[in-house]
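Q: I'd like to ask some things about the structure below.
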């Protein structure tokens with residue numbers, strides 16, 4: 001279960017700790033969404049863990065709880081066209097940078113001194129061009145509460161977007177598959193071709209039928 005041990009080390013050095021994670025690197029359709037979360041030292045978020053280990057109902061409840069507790073949080077969204085333009089890795093970094101900027105701006109708007117920011121980034125790739133201290137944490141959404149909170153913010157935001165997109169493109173089953181490559185989704189691509197939400201670089205030429 002995620003906890004605050006990593007954060008406490010940084011808090012002792014006077015840092016503002018920002019957990020960073022993403023959702024949606026692998027789907028065939030939809031955006032990649034990143035989130036950044038700044039928790040206070042007394043944060044109490046029982047049951048918050050890696051978003052993939054939680055039920056949808058628990059994630060939704062945690063989403064509201066995290067927003068209520070956090071000192072600052074931010075969301076970054078990069079759409080399919082941009083993913084195709086710069087590749088998924090760079091798009092993920094772009095979304096993360098947006099999210100960190102949003103979280104820091106929210107925290108800065110609160111009374112009190114703003115401490116030097118330190119990032120805890122899920123995975124093994126540091127955020128490029130970040131000028132301050134950062135640490136990558138493999139499996140961080142199960143180790144750091146700040147990263148786990150960010151993972152929930154990112155996933156719930158993205159899932160809600162895909163459910164909304166389903167109303168516009170119901171043939172692809174986005175509400176169910178969230179843009180991932182389920183059999184239903186691949187069958188729909190074979191039948192209808194891609195829609196504007198699809199990542200052209202993620203699907204083979206066989207499925208691409210331009211309108």
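Cβ coordinates come from backbone N, Cα and C, glycine included.
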Q: Report the candidate from 84, 122, 159, 166 that shares the divalent metal cation site with 21, 22, as recorded in Swiss-Prot.
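A: Looking through 84, 122, 159, 166, the residue Swiss-Prot assigns to the divalent metal cation site is 122.
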Q: Applying a 10 Å Cβ distance cut-off over all chains shown, what neighbour count does residue 22 (divalent metal cation binding site) have?
A: 26
Q: Neighbourhood of the divalent metal cation site (21, 22, 122): other residues with Cβ within 8 Å of the Cβ centroid, in order?
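A: Here the non-site neighbours turn out to be 20, 23, 34, 35, 96, 121, 123, 140, 141, 147, 150, 151, 154.
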Q: Where among the binding-site residues 21, 122 do you find the Cβ with the fewest other Cβ atoms within 10 Å?
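A: Relative to the other binding-site residues in 21, 122, 122 has the fewest Cβ atoms within 10 Å.
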